[in-house]
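Feature annotations, reproduced from Swiss-Prot:
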| type | residues | note |
| --- | --- | --- |
| DOMAIN | 149-374 | domain 'ATP-grasp' |
| BINDING | 189-247 | ATP binding site |
| BINDING | D328, E341 | Mg(2+) 1 binding site |
| BINDING | E341, N343 | Mg(2+) 2 binding site |
Amino acid sequence: MAKTRVAVLYGGKADEHSISCISAASFMRALDPELFEAVPIGITKTGTWFVDGQDPLGWNLAEGLPEAVETPDSREVVLTIGDGGDGFHARNADGSLDSLGHIDVVLPALHGPFGEDGTIQGLFEMMGVPYVGCGVLASAACMDKHYTKVLLRAAGIPVAPGITLDTRHYDASDEFATDGEEFLRQVNEAGLQYPLFVKPSRAGSSFGVTKVEQIGDAAALAAAVFEASRHDWRVLVEQGIDAREIECAVVRIHPTDPTRAALPGEVVLDRRSEGDDQFYDFDSKYMDSQASHTEIPAKIGDDLIARVRETAVRAFDAVDGMGLSRVDTFVTADGDVLVNEINTLPGCTSISMFPQAWEAMGIPFRTVVTDLIEGALA
């Protein structure tokens, strides 16, 4: 029987480029060689698609963060939209095109903008090529934390209080220094309590997130908004929640299937080898092996475990999720469960919660990946 040919996309234009490369390596290692043939397609930081680059199978976090770059043997990928799965080609040095063969399904191991935000999903919808993961609407809505909260509130699912700023209306020439008082006015008007977390609405892996602790510090707030605006013009200012951050992996293999939730886990901060140790930022996620460890299931008791799983399923269904996601929640000391965000293509590195959560339930990551691909093809 012919193997299913899976185009694994990695890299991309987003800040999470390197994490995408590592996730792609994990996905490729999880592909059952008896069932699937991987066709790795890299995307450079400037957006060029290529084949015949470095082998992603050689990448891992222990050796640092890789980058999808062309090699002397690389060839640019050209898509012919109307040809569907036969529309993947490689451009030769003389300008001629070679077919990459029929692509049965795409596994977009891409995080952040241009990969997790509905844009590439729309491309494959137009091509008529099946792909793993959430569709256009769910991807776009969950990439934008503001609109995620709009949808979740409408579904009656609690979220953290906050405000949204359109920084295009303010003066970035002085890094918003003259706008700090206006930002502070809006924070006070909304009744937000400190500490505040200021974050880009459309970014992942904790890029651009700043914690503001000093009450009434307009300068610190302005600086935090400017840092977030470097990643997205839409910026969220959220009230810090005195809670534990509990993450829950979910899957829905086929539209008629119920959403399934894995055992929730918690990333426990230990210590940072250097820098601020107060929240789980990019460095403590990926660059500092001593910063944290993962506990699955989270040590929150059976009742809260069940409620987190139920909330994660409700949140995923509320945004019409499909395939896979990781739902990040806050669990307060009073037992309240709030949704922080939904990651429609969660990190799948060796230290990431999504693969570990299923493994903790006795379900190998290879089985999950096989199910996701077969579900996309159904």
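We number each residue from 1, going along the chain as drawn.
A Cβ is built for glycine as well, from the same backbone N, Cα and C atoms used for every other residue.
Location within the structure of each feature annotated in Swiss-Prot.
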residue : record                : DSSP (3 states)
E189    : ATP binding site      : helix
F197    : ATP binding site      : strand
E213    : ATP binding site      : coil
L221    : ATP binding site      : helix
S229    : ATP binding site      : helix
V237    : ATP binding site      : strand
E245    : ATP binding site      : strand
D328    : Mg(2+) 1 binding site : strand
E341    : Mg(2+) 1 binding site : strand
Cα distance (Å, whole number) from E341 (Mg(2+) 1 binding site) to L221 (ATP binding site): 22
Nearest of the binding-site residues (D328, E341, N343) to V237 (ATP binding site) - Cα to Cα: E341
Binding-site residues: E189, E245, E341 - member with fewest neighbouring CB atoms within 10 Å: E189
Closest of E189, S229, E245 to E341 (Mg(2+) 1 binding site), Cα positions, binding-site residues only: E245
CB contacts for L221 (ATP binding site) [other CB atoms within 10 A, all chains]: 25
Mean predicted confidence [pLDDT] for the domain 'ATP-grasp' (149-374): 92
Spatially closest candidate among E189, F197, E213, S229, the listed binding-site residues, to D328 (Mg(2+) 1 binding site) (Cα to Cα): F197
Between E213 (ATP binding site) and N343 (Mg(2+) 2 binding site): CA-CA distance (Å): 27
Binding-site residues compared (E213, D328) - highest count of Cβ atoms within 10 Å: D328
